[in-house]
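Asker: The structure is given below, and queries will be raised subsequently.
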Amino acid sequence: MQDAENVAVPEAAEERAEPARQQPASESPPTDEAAGSGGSEVGQTEDAEEDAEAGPEPEVRAKPAAQSEEETATSPAASPTPQSAERSPSQEPSAPGKAEAVGEQARGHPSAGAEEEGGSDGSAAEAEPRALENGEADEPSFSDPEDFVDDVSEEELLGDVLKDRPQEADGIDSVIVVDNVPQVGPDRLEKLKNVIHKIFSKFGKIINDYYPEEDGKTKGYIFLEYASPAHAVDAVKNADGYKLDKQHTFRVNLFTDFDKYMTISDEWDIPEKQPFKDLGNLRYWLEEAECRDQYSVIFESGDRTSIFWNDVKDPVSIEERARWTETYVRWSPKGTYLATFHQRGIALWGGDKFKQIQRFSHQGVQLIDFSPCERYLVTFSPLMDTQDDPQAIIIWDILTGHKKRGFHCESSAHWPIFKWSHDGKFFARMTLDTLSIYETPSMGLLDKKSLKISGIKDFSWSPGGNIIAFWVPEDKDIPARVTLMQLPTRQEIRVRNLFNVVDCKLHWQKNGDYLCVKVDRTPKGTQGVVTNFEIFRMREKQVPVDVVEMKETIIAFAWEPNGSKFAVLHGEAPRISVSFYHVKSNGKIELIKMFDKQQANTIFWSPQGQFVVLAGLRSMNGALAFVDTSDCTVMNIAEHYMASDVEWDPTGRYVVTSVSWWSHKVDNAYWLWTFQGRLLQKNNKDRFCQLLWRPRPPTLLSQDQIKQIKKDLKKYSKIFEQKDRLSQSKASKELVERRRTMMEDFRQYRKMAQELYMKQKNERLELRGGVDTDELDSNVDDWEEETIEFFVTEEVIPLGSQE
């Protein structure tokens, strides 16, 4: 064997064999290790490529080594067959004996190779000198030994190639049947054909059509044949349910579906009962006795993630894991799930032990979004997708884990690409001159068509109803406009025309009671930009609009979540001011208060309203102002140097400021404050990255019940005050608890001692001759009388002199 492998082949033989080989001549044979277990996977890939190039005859085999040189020279043995595909592609045979030896090593049959070398044609060592003398070399043989059994199927070996193999088709795969087509006569048939062709040619080239007729009219159904079965499938997917007019809605099916539906068994098979997977109480944290909230913390530059209970003194750790996520985490809108990011997809966790609830495979996922109802999850990956299988954006069903639909993503899009309605029944996306609105659970277009809106720039859903707002810029003499549309009827309930518009921003109040359109304008005859706040009162008839104009630069705008006030930061540093406005019931917008010389660039309202934090983040060194808007007083002014984030807890009782390692590499920590601006905690975490409060679902109490609780608040306040006194300090709380435990232990011991004392009473009576010494007056002789005298001094003081 070794001699056969070391024999060199003349250059002339290599040059003649070169056209027949597909491997480059510069490649060297692999070692035994590479030809053995390590070369199988590579060999499969390379041979699959060679099979694709070899043509439609994958069963052609190499001629046996026993053939003559003439037969070998004329045989098509250049390309390896699928049966010998396990041979490493880097092997370049230099002689028949060597080719057989290396080939047998790659297949893992060394004994068979030895038999081939010692066959009837002589050994490889004898064959090669004869070839050298004649100046020629035999072509290599790739044939298998007689006792070789190939137990690898073509599907396992060349599955990626065979899936693209042409398949036989009888032509009906490209035919669709369209029902509910208008029945027309010959005079209108041509017009109907034009309409049908216009609708269905969007999905592919139509090569044939057939309109059955009866009594001089069409029968109401037609047959269309596409150039490709894929086009037919696309037509069924998108045109089924297409509404032609009020009386005709198309029903589209593949022609091959008739066989499928006609062969359905009449016997009903009872489906197997799926075992119920108990996930536990996914909202357990809402039953916490002290009504504490939870929050997640990522630190050590993302290597560790922890979940804490929020406690006034010190946070209480619930769960901590290493490498729980690869980037960041996100809570679902109602706090049921915690989403973690991984290279291969998204995982959802929940329950008291934070077990994995669901996972979604999406390679390279970077962004996600939940529907407000927590029924659907949207994932985005920047990896390239194909026209036939869009994978950039995928919508998943959270309960089942199934993929609902995939979408393409334009490079210029901004996240979130899909925006959800308040109840999760609709979601929409904006493309060039188009607003596409989809409905759940079908994930199809509403009414099977998109809205054509020329020049649409932005849109936003109302948080309190299925109303969508969008704006369109000016086009020559046509003014810009803001439109409010009711869905699913698509009725325009309000249109507002605007002039000299530069830009618009849409701001909804949390309950959907108001919409503010921030309009940047350049009025004629003036220099600079003027900002108008167009306030739409959504709960009133015909949606009246009020306007507030400001000529200063606008830094930030924010609505009070549960109220009718809004705040505006305006001006330029160092003269930045904040103004608070109130929208009255009569429509008048009143300026409540304006604070000058503020170091702030962001507004953070409490989730319950009334209280607001004005923060100067990042470049403004973390200046903080805590304001009570009920009387517009500044409760406290503080600073968290280089603060990058501010997060209110869901109840509005606490607020967290933090310095993230993602934005600033030193002094990474998060501080806990009360809503009044009193600092409670300073929590320093190594390379702290992110803190997120766990959201709470909407309350189940009615407005009347909430009013009653507020009315009886004094009754509950005594209990709360007592708890507050006990928890004023950690030391006092521990001391009281220790004393309470000692007192309870003493009471139990005293009770046990009294019971034992009473059990021993009869024994005491016997020992004392029947005298009950338990009573003090049981023996009068034992009494001793003692008299105690107290000396009293009497002093008389006259009240006045006697005359």
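Glycine residues also receive a Cβ, built from the backbone N, Cα and C atoms like all the rest.
Features from Swiss-Prot:
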- S40: phosphoserine (MOD_RES)
- 44-56: compositional bias 'Acidic residues' (COMPBIAS)
- T72: phosphothreonine (MOD_RES)
- T74: phosphothreonine (MOD_RES)
- S75: phosphoserine (MOD_RES)
- S79: phosphoserine (MOD_RES)
- S88: phosphoserine (MOD_RES)
- S123: phosphoserine (MOD_RES)
- 135-147: compositional bias 'Acidic residues' (COMPBIAS)
- S153: phosphoserine (MOD_RES)
- K198: N6-acetyllysine (MOD_RES)
- S228: phosphoserine (MOD_RES)
- K277: N6-acetyllysine (MOD_RES)
- 321-359: repeat 'WD 1' (REPEAT)
- K353: N6-acetyllysine (MOD_RES)
- 361-406: repeat 'WD 2' (REPEAT)
- 410-448: repeat 'WD 3' (REPEAT)
- 549-590: repeat 'WD 4' (REPEAT)
Asker: When the Cα of S153 (phosphoserine) is compared with the Cα of each of the modified residues K198, S228, K277, K353, which one is closest?
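Answerer: When the Cα distances are compared, S228 comes out closest.
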Asker: How long is the line from the C-alpha of K198 (N6-acetyllysine) to the C-alpha of K277 (N6-acetyllysine), rounded to the nearest angstrom?
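Answerer: K198 (N6-acetyllysine) to K277 (N6-acetyllysine), Cα-Cα distance: 50 Å.
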Asker: Determine the Cβ neighbour count for S228 (phosphoserine): the number of other Cβ atoms within 10 Å of its Cβ.
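Answerer: Around S228 (phosphoserine), other Cβ atoms within 10 Å: 13.
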Asker: K198, K277, K353: which of these modified residues has the sparsest Cβ neighbourhood within 10 Å?
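Answerer: If we count Cβ atoms within 10 Å for the modified residues K198, K277, K353, the smallest count is at K277.
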Asker: Would you list the DSSP helix, strand and coil counts for the residues of the repeat 'WD 3' (410-448)?
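Answerer: Per DSSP, the residues of the repeat 'WD 3' (410-448) fall into 3 helix, 16 strand, 20 coil.
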Asker: Cα distance, S228 (phosphoserine) to K277 (N6-acetyllysine), nearest Å?
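Answerer: Given the Cα positions, K277 (N6-acetyllysine) is 44 Å from S228 (phosphoserine).
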Asker: State the Cα to Cα distance, in Å, between K353 (N6-acetyllysine) and S228 (phosphoserine), rounded to an integer.
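Answerer: Counting only the Cα atoms, the answer is 52 Å.
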Asker: Going by DSSP, give the three-state secondary structure for K198 (N6-acetyllysine).
Answerer: helix
